[in-house]
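Peer 1: Under the heading transmembrane segment, TrEMBL lists 34-53, 59-79, 126-147, 153-172.
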Amino acid sequence: SPPQDSSDDIEDVSLFDADDDVSRRSKKSRIRHPVASFFHLFFRVSAIVVYLLCELLTSSFIACMVTIILLLSCDFWAVKNVTGRLMVGLRWWNQVDDDGRSHWVFEARKVSAQGGKTSSEAESRIFWLGLITCPMIWVIFAFSALFSFKVKWLAVVVMGVVLQGANLYGYIRCKVGSRKNLTSMATSYLGKQFLRQVSTWERAGAG
């Protein structure tokens, strides 16, 4: 009968929508670039591990220093040129114009016409977790080397802070915009907070 057909149609649509929701969630949680995700963490984590265990593995400071700097350099290149573009659709670089002035360029991948993203949430979490955590660890190493008077390790630790901090700064600029935008955002936020506080005082005085 017609009512039964209508009921069947409604049930079919409901199941189809549920399958779409499951498919969308699986795409968000799926790692689309496993090799890039691996090397995004491999070089920077390896540099930290070598720094912590180098005195146990070898007595040669030069060998440890060269290995750590090599890993940090590979990490800087890979994150700046490969993993950021593939995992979160961001990239940054420096270019020199005809007048010899240096300019920093920040780019973000445009969202497709359907509004979909080419990067998944899982990859985004991996990218930002590695990008933020590792420079913080190198900052801790810097204070530790300074306070324990391990002067020979300061150059290595500073190299880790500078290289990984540069990538962190560049990608934050890519994510949130230029410094002018950051300033305007902060000014707008403080202005809203001030107006809200003033209106609260006015209501309290009126009451």
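Residue positions begin at 1 at the first shown residue.
Cβ atoms here come from the backbone N, Cα and C positions, even for glycine.
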Peer 1: State, in range form, which of 34-53, 126-147, 153-172 has the highest count of Cβ pairs under 8 Å to the transmembrane segment (59-79).
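Peer 2: Answer, by Cβ pair count: 34-53.
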Peer 1: By Cβ distance under 8 Å, which residues at least 6 away from the ends of the transmembrane segment (34-53) in the same chain are close to it?
Peer 2: 64, 67-68, 71-72, 74-75, 78-79, 82-83, 86-87, 123, 126-127, 130, 134, 137-138, 141, 153, 156-157, 160, 164
Peer 1: Given a Cβ distance threshold of under 8 angstroms, which distant residues of the chain, six or more beyond its ends, lie next to the transmembrane segment (126-147)?
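Peer 2: Same-chain contacts beyond the flanks: 31, 37, 40-41, 44-45, 48, 51, 79, 83-84, 87-88, 153-154, 157-158, 160-161, 164-165, 167-168, 171.
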